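Inspection log for the structure reproduced underneath, given as structure tokens.
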Amino acid sequence: MTLDQMILLFIQDSIRCDWLTDIIRAITLMGDNGLIWLVLLLLLLIYPKTRKLGMVAGLSFLLCVGVAEVIKNLVMRPRPFLTIAELVPLVKPPQSYSFPSVHTVSSFSVAWILLWSQEGKAVRYTVFAFALLMAFSRLYVGVHYPSDVLTGMLLAFLGSYLVWRLWGRKIS
């Protein structure tokens with residue numbers, strides 16, 4: 001059994017509980033199709049003070065998610081609930097491939113940009129903490145391996161860093 005598989009089964013057998021499952025399902029649902037991040041980007045774009053930041057974060061989102069979707073369809077890694085007989089998914093099983101986690105990529109493509117910006121600490125850290133929760137939610141509901149999520153964080157870091165170096169530093 002791989003470390004990825006052991007971690008998922010540990011989460012299922014030792015951490016899952018009814019009250020937490022309801023919360024985690026709600027969090028992971030907010031990430032479907034990048035919804036929560038698209039709403040945040042829209043809010044950033046509406047206000048003149050944060051419009052440039054919204055454009056940079058939006059560019060990061062588009063770049064990172066686009067690259068992740070290409071990688072996902074090149075690697076074609078099956079979802080963990082398809083390869084681990086004991087693993088029970090807690091949401092409707094996605095039909096797409098597992099690697100990397102696009103929920104995680106979309107979350108961190110925005111979170112990294114905000115973290116590097118000059119926005120208030122409370123906003124930056126709250127968004128980053130929510131991105132971490134989103135990443136964990138994908139493990140908790142049994143639809144991604146830990147390596148899918150970690151790679152998603154790294155991919156978002158690299159793409160966001162590129163966007164930040166080219167355009168983001170001009171707004172801070």
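Cβ coordinates come from backbone N, Cα and C, glycine included.
As recorded in TrEMBL:
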- 23-46: transmembrane segment (TRANSMEM)
- 52-164: domain 'Phosphatidic acid phosphatase type 2/haloperoxidase' (DOMAIN)
- 53-71: transmembrane segment (TRANSMEM)
- 97-115: transmembrane segment (TRANSMEM)
- 122-143: transmembrane segment (TRANSMEM)
- 149-167: transmembrane segment (TRANSMEM)
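Mean pLDDT across the domain 'Phosphatidic acid phosphatase type 2/haloperoxidase' (52-164) comes to 96 in this model.
Across the candidate stretches 23-46, 97-115, 122-143, the maximum count of CB pairs under 8 A to the transmembrane segment (53-71) is reached by 97-115.
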